[in-house]
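*Asks:* Take a look at this one; I'll ask things after.
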Number of protein chains: 2
Amino acid sequence: MVNVLILQCGGPTPVVNASLAAAIAACQTHRAVGQIWGARLGLQGLVQGDWVELTGLPATALERLSRQPGAALGSGRYRLREEELPAAFAHLAKRRIGVLLLLGGNGTMAAAHRLERHGVASGYKVDGQPLRVVGIPKTVDNDLAGTEVAPGYGSAARFIAQTVRDISLDLYAMRNFDDVAVLEVMGRHAGWLAAAAALARSHPDDAPHLILVPERPLDEEAFLTAVAAVHRRHGICLVVAAEGLRDSAGQFLAEKFQKAEVDASGQRMLGLAAGVAPYLAHLVRSRLGLLCRQQRPDTIQRSCRALAHETDRQLAVLVGRAGVEAALAGVSGHMVGLRHTPGGWETAPVPFAQVVGQERLLPASFLAADTYDLAPPFYDYTNTIGLSVEREYVAF
Amino acid sequence: MVNVLILQCGGPTPVVNASLAAAIAACQTHRAVGQIWGARLGLQGLVQGDWVELTGLPATALERLSRQPGAALGSGRYRLREEELPAAFAHLAKRRIGVLLLLGGNGTMAAAHRLERHGVASGYKVDGQPLRVVGIPKTVDNDLAGTEVAPGYGSAARFIAQTVRDISLDLYAMRNFDDVAVLEVMGRHAGWLAAAAALARSHPDDAPHLILVPERPLDEEAFLTAVAAVHRRHGICLVVAAEGLRDSAGQFLAEKFQKAEVDASGQRMLGLAAGVAPYLAHLVRSRLGLLCRQQRPDTIQRSCRALAHETDRQLAVLVGRAGVEAALAGVSGHMVGLRHTPGGWETAPVPFAQVVGQERLLPASFLAADTYDLAPPFYDYTNTIGLSVEREYVAF
């Protein structure tokens, strides 16, 4: 019998609880598993021993959990210090944990890697077995190496695409009043979420008209010229901008009004800064004289239950279950990666060393050469995750 | 035979196209109706004669239209000048329009009233019949007099309540990182939309923790004390603030950073100003030292197709159809009002004079006396429109 501890770390997604529910269910049905535990608030609960037992969680709760936004165990951005590792392992030993599952993104996989190495180095054993540490991918940003898609991305991407379709109908209806709108979406370094806006179109002239990704520094003059041209042609211009957009000099646009604060890990908190949308709106208003609305959904894009994507949820279930199966089969030091095959999506363990320290940006081939737009390979990619958006509309 | 012209005016709602589709369908099936026309961009299209014929619009298009956000004819905030009335009536006469239907809110009903009086005063007649002008209510703000609820409100209210439920699960999951969130919602003078956030709760301690409505000027010191107290108790504090919130001195909080511009009608464009959420976030950060996220969905709240509310859509259909029936029965100078009866919702024509110049604010009895919250009569009210929110969740 082996006891299992599960953690949720980093920003929630609409489907990270689906992975959690699937992992719990897989543990419950596996005869090798004894107790199932969850740590509250991710790594913080691991270090502090603040755990909740999940062994007997009823099927009704699992079903509800699987469709619930947020991260039900509590997640967060706790920074694991080296000197806290012994305390964490003392808690693991006390409850005789043999399998540690971490649901998370880049930062989480780095922590998982450290935990795995500490377990090996310290000779941690339960019933003669070493600790098996397995990562389960989760991030709306889709910037995680080692997996072709990260569960969470599909739902946030669908939210963004459907939102662009919806608000563009509103903007077009108000074209004798409003001129431009800037929708600010998440994405510090990677433009996957901004790119998803392209799926809103049913005709080439449809919104979004300009998609601004962090992979492409923004020349502000060229941008203003493009906005003016789109507005002249369509009477409106809908811009989608990633929060991590930088100007040609490498400065975050979000910080051009006011410097962002840094969090405990030294990362700039762009979502809490003045923001890229207010900056671009000011630019459009002051330089072009056009009215410019802003939409800043912030955490709505990563928690909207109504637009959670079913394929995304199924992938979240798949990796949750595969993480348990891999660990119980003896795998450790790996993350469950997703690979698209002609037969559908499959999982395969990927060593932490191939995941940690990487950041999967939009490939250059996914971006159109001269326009603020995507290229055909991006649509081939999104076809693999079957993103569905209600695009059709009646126009007069 | 009578020809009908339909206009959509003012900010779109998720269901104003449902009213339009219902009105078209009612005209199509009524043997007294000849041609059916729509004016593009509301009053602008009326004045300029920019119309589109809707007579033969197929049922498939009507069905699609009835679930489409935005305002498919084009809407806007065109300000009808007195000297433009003759041109508008020349267009009406040219196409022998006997029935004029205007879908809109407060400003639209004022314009409808002027058009009706001009028709009478100028002796406009088609086949010996005067012009019949009927208003069909539409506004997410729910501030329209003469109707107990305005179609559009239910869908935007559901968006806000469900969004609060969703983002509060996210905020709570991140409570070792994030502290406070401010969701900015529409509502220049009336707090109906902010109030709807209260429907997110399944337990009294659930978010939203503070609801700030324009009907109650905000004492900033008392607000900060309340935020700190909620945060101490729950580890988070979720605030919902109406865009039109004012401080004790009567100043818009949205303008405390930067003055808002005014539109053609002299109204302050608060949605385009620095905004109430950035101001409150700055206050919380600088005075309490707490991290504060902001969500500014802006037009997402009035166009989100996925959260359009079925009861709201049915009310939109009801008033669209009733507007046609009233006009064809000879009613003019009235808006279709909605009244809740023991048997359900009914329509009744209300004279423009009883609608125009009014603004239906939240009754004082709907607001809790000493807290930033709603009182029981508000829930009795929302029960009449059957707002459904997925509130239940699993907590550990």
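Placed from the backbone N, Cα and C atoms, the Cβ positions cover glycine too.
Below are the features listed in TrEMBL for this protein:
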| type | residues | note |
| --- | --- | --- |
| ACT_SITE | A:Asp141 | active site, proton acceptor |
| BINDING | A:Gly11 | diphosphate binding site |
| BINDING | A:Asn106 | Mg(2+) binding site |
| BINDING | A:Thr139, A:Val140, A:Asp141, A:Met186, A:Gly187, A:Arg188, A:Glu243 | substrate binding site |
| DOMAIN | A:3-326 | domain 'Phosphofructokinase' |
| SITE | A:Lys138 | site 'Important for catalytic activity' |
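Describe the structural context of each listed feature in the structure shown, including burial, neighbouring residues and relevant distances.
*Replies:* A:Asp141 (active site, proton acceptor): 27 other CB atoms within 10 A of its CB, across all protein chains.
For A:Gly11 (diphosphate binding site), the count of additional Cβ atoms within 10 Å of its Cβ stands at 27 [all protein chains shown]. According to DSSP, A:Gly11 (diphosphate binding site) is assigned to coil rather than to any helix or strand.
Within 10 Å of the C-beta of A:Asn106 (Mg(2+) binding site) there are 22 other C-beta atoms, taking all protein chains into account. For the recorded site, A:Asn106 (Mg(2+) binding site), the DSSP three-state label reads helix.
Reduced to three states, the DSSP call for A:Glu243 (substrate binding site) is coil.
Looking at the domain 'Phosphofructokinase' (A:3-326) alone, the prediction's average pLDDT is 95.
In this view, A:Lys138 (site 'Important for catalytic activity') is surrounded by 31 other Cβ atoms within 10 Å of its Cβ, with every protein chain counted.
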*Asks:* Among the binding-site residues A:Val140, A:Met186, A:Gly187, A:Arg188, A:Glu243, which ones place their C-alpha within 10 angstroms of the C-alpha of A:Asn106 (Mg(2+) binding site)?
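*Replies:* For A:Asn106 (Mg(2+) binding site), the binding-site residues whose Cα atoms are within 10 Å come to none.
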*Asks:* Given the binding-site residues A:Val140, A:Met186, and counting only Cβ atoms in the protein chains shown, which has the most within 10 Å of its Cβ?
*Replies:* A:Val140
*Asks:* Taking the Cα of A:Lys138 (site 'Important for catalytic activity') as the centre, which of the binding-site residues listed as A:Met186, A:Gly187, A:Arg188, A:Glu243 lie within 10 Å of it?
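*Replies:* Candidates kept after distance check: none.
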*Asks:* Which residues does A:Gly187 (substrate binding site) neighbour through Cβ under 8 Å, counting only same-chain ones at least six apart?
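*Replies:* A:Gly187 (substrate binding site) has long-range Cβ partners A:Asp141, A:Leu193, A:Ala194, A:Val213, A:Pro214, A:Ala242, A:Glu243, A:Gly244.
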*Asks:* Recorded positions A:Gly11, A:Asn106, A:Lys138, A:Arg188: which sit with Cβ under 8 Å of a chain B Cβ?
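*Replies:* From A:Gly11, A:Asn106, A:Lys138, A:Arg188, the ones near chain B are A:Gly11.
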*Asks:* Between the two most separated Cα atoms in A:Thr139, A:Val140, A:Asp141, A:Met186, A:Gly187, A:Arg188, A:Glu243, the residues recorded as binding substrate, what distance in Å do you get?
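*Replies:* The widest Cα-Cα gap among those binding residues is 16 Å.
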*Asks:* Filter the binding-site residues A:Thr139, A:Val140, A:Arg188 down to the ones within 10 angstroms of A:Gly11 (diphosphate binding site), Cα to Cα, kept in sequence order.
*Replies:* A:Thr139, A:Val140
*Asks:* Just counting, how many other CB atoms are there within 10 A of the CB of A:Arg188 (substrate binding site)?
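*Replies:* Here the count is 19.
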